[in-house]
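Okay, so here's the structure we're looking at.
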């Protein structure tokens with residue numbers, strides 16, 4: 001009998017550890033209602049897949065991956081200046097450009113995942129590339145022939161690396177960025193996919209997932225900075241890069257072992273095609289009257305979109321960007337053409353395009369936050385390297401290790417936010433998230449302004465101490481000021497991350513169309529990619545302006561003669577301006593509204 005054959009096949013497939021559990025006998029109460037499937041497109045049981053079991057494993061994988069990434073990124077400016085013998089400003093620019101590229105490549109990875117490979121296989125293949133880059137990077141740091149000779153300590157002359165040495169190092173470094181470009185957006189979206197939006201309980205857990213996801217990231221960062229930074233500077237860079245390589249290998253192994261637990265969303269058509277169809281159809285009907293808002297009809301039933309890939313929920317029409325609604329108006333002339341999808345679109349398809357367009361102003365307003373975010377692994381670290389870093393008589397902490405206090409702040413605040421703040425705020429605001437996503441992001445941006453202000457004041461103090469002790473022209477001397485004076489600016493960074501970073505992650509995942517969520521995570525990451533590029537560009541402009549007329553540059557290699565405090569003040573001022581722009585855009589934002597399971601009614605007030 002067909003039923004017996006299906007049951008037997010399901011039992012045989014379930015016995016394999018490499019495939020997801022199937023529904024041997026369909027049970028509507030246990031069926032994943034959001035269209036989740038196994039890798040072959042077959043339905044899965046909610047009781048046997050997804051949820052916290054799968055998502056916690058994915059968070060564990062992310063911890064290992066973040067340990068690998070930050071094991072390279074957090075101390076990269078030190079490696080470039082001390083080992084590759086680059087100037088401070090050149091090293092800072094190179095770090096910003098690399099970090100920016102690493103944050104922009106997820107746009108490519110997300111496109112490939114949503115349109116062709118799916119998130120699972122994109123994660124797998126990009127992890128292989130990631131691991132290869134880390135192996136080559138370890139080789140570059142381990143063999144003397146792959147790096148320049150050490151500096152002459154008597155004359156302070158440092159030979160530059162050969163073209164091959166520099167080229168091999170940066171090839172390895174950008175291979176890591178390429179691997180991260182496919183890994184980063186898909187893994188987080190894949191973790192959130194383990195919760196069903198159509199189930200009220202799982203939907204609440206999904207909101208919590210983003211908090212604990214960032215908690216996991218911060219755990220990996222603490223280990224990376226507190227342990228790896230010391231190993232790199234005191235034991236050896238080869239071992240310091242080898243440990244992240246092993247962490248990435250472990251992460252890839254864990255990912256493959258959890259295959260049977262995952263819920264998958266199969267790839268659909270290119271999201272850019274659907275967006276283009278709406279614009280083309282709207283332009284073709286420029287002289288057609290805009291339909292009334294209450295006229296909620298779907299003129300084109302595109303069943304292939306529901307059968308292929310992740311199912312899109314029907315969206316309610318909104319009163320913004322109404323000119324695009326012309327694409328939903330059917331005329332007899334439309335049905336005479338084979339390319340009807342380029343002439344007539346569904347209300348949901350149009351509303352998905354509106355979702356993307358409504359996200360863009362918020363994205364632009366957050367770019368300055370990305371610029372501020374780029375400072376902690378670069379100039380903050382160089383500041384600390386000039387200060388007293390001793391604990392006791394003999395132990396000296398690495399300057400980059402203070403970045404761990406950003407993560408420690410997050411580790412302390414995330415449980416407080418998730419378990420105390422959200423339940424209390426939920427009772428007051430009646431919002432299931434406690435406060436809206438945009439309110440959360442705005443609070444974090446304001447805190448980042450405080451961080452820049454404190455950083456400027458601390459730098460003024462450091463410069464004054466250097467002047468008082470006659471150390472202005474002694475760049476290699478230790479300034480008698482404890483490095484822990486930098487702690488407040490790092491802690492404020494951590495507080496800011498709890499609000500803005502996590503808020504941006506959930507915002508760009510939740511408010512994107514259902515079929516474009518990997519792209520949403522990539523769009524969030526691009527805030528920091530563009531921010532890093534803008535930081536590098538801004539530094540170049542300020543360096544040129546501040547060094548005119550034979551004046552000392554704000555970013556001179558001798559930080560005792562530089563003026564990082566002026567730089568920090570300028571960032572605080574620009575951040576305040578962008579916060580005003582953000583508030584203006586946020587006040588006009590309309591949250592995503594779904595025909596069923598509408599969960600954002602209480603977020604109309606931003």
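For all residues, glycine too, the Cβ spot is worked out from N, Cα and C.
Automatic prediction, not curation, is the source of TrEMBL annotations.
Source: prediction; values computed, not measured.
Range annotated as transmembrane segment by TrEMBL, chosen from 76-94, 95-113, 190-208, 266-284: 95-113. With a threshold of 8 Å between CB atoms, the same-chain residues lying at least 6 positions outside the transmembrane segment (437-457) that come near it are 362, 366, 369, 372-373, 375, 380, 486, 488-489, 492-493, 495-504, 506-507, 510-511, 565-566, 568-569, 571-572, 575-576, 578-579, 582-583, 586, 589, 603, 606. The list of residues near the transmembrane segment (477-500) in space but at least 6 beyond its ends in sequence, with Cβ under 8 angstroms from a Cβ of it, reads 214, 366, 369, 376, 380, 383-384, 386-389, 397, 399, 402-403, 405-410, 413-414, 417, 440-441, 443-445, 447-448, 450-452, 454-455, 458, 461-462, 465-466, 469, 471, 560. At the 8 Å Cβ cutoff, the transmembrane segment (566-591) and the transmembrane segment (359-380) share at least 3 close pairs (sequence separation 6 or more) and count as touching.
Looking at which of 120-142, 212-231, 400-417 has the most CB pairs under 8 Å to the transmembrane segment (237-257), the answer is the stretch 120-142. In this chain, the transmembrane segment (359-380) lies in contact with the transmembrane segment (521-541); the count of Cβ pairs under 8 Å, excluding pairs fewer than 6 apart in sequence, is at least 3.
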